[in-house]
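As recorded in TrEMBL:
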type     : residues : note
DOMAIN   : 1-234    : domain 'Major facilitator superfamily (MFS) profile'
TRANSMEM : 133-154  : transmembrane segment
TRANSMEM : 166-183  : transmembrane segment
TRANSMEM : 195-213  : transmembrane segment
Amino acid sequence: MIDGFDFMFTRWPEISIWQLLWACMAGYTWFCTALTQGGSVILQQTPEHRCKTILDEREGFTFEEGLPFSPSQCEKYEESWVQTCSSNENLLHCFNRQFGNLTKIKCNSGYIYDDTIFDATFVTSFDLVCDRAYINTISTSIFMTGLFVSVSLFGPIMDRFGRRKGMLFGLLGLMVANMLISMSKSVVMFTIGRFLAGSFAMGAATCCFVYAVELPGARWRTWFGQAVNNCCSL
């Protein structure tokens, strides 16, 4: 005698083209979740940087041109040496002439970033480098907390309202959270947006997995579960 959920498969096939199509459509949820999680690599990337100096006020002065005048990514030389250079003297020659007398100081006027790969990131927008680099780490940790919390919250939601409604709710919430991120004007606003995005994304993905393994009969559940999870790899 067949009890419980599997009794339904005595009335219809364990696998069919319709079940495959439903699973494929549900897999889109995992695709969105993967983009949300992988977004940290781009959104919170820390590019090469150096201190902003008085030289950067010159028109056309590039990131690379300023590197010889930067002892490290978080320090610069005091800038009084620039005033002693004659108008027609080569800057690097003038710098080398005074190098032994220069004092290192912390960046106090902002940073210049290498924009070869990224024009702007969360880090460059709020100067989360050097003494403020820990803020970026905390923001990532809060995002991961959102992933953890959502698994517990979305269990009762999908049991109460159904798997498909749970996925839809998660995707709609993810859309709103990403809009909040795109309009962020502060570190707090961005971090809240990332927390919500992680929560809704993983919650929708959890509903998707449960929905997928409930579609076919017992023999095919492992295959369906792995298939929708592989959408994350795509």
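Glycine is treated like the rest: Cβ placed from N, Cα and C.
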Let me know the model's mean pLDDT on the domain 'Major facilitator superfamily (MFS) profile' (1-234).
82
Beyond the flanks of the transmembrane segment (166-183) by 6 or more, those residues with Cβ under 8 Å of it:
26, 29, 32, 36, 43, 154, 157-158, 189-190, 192-194, 196-197, 199-201, 203-208, 211
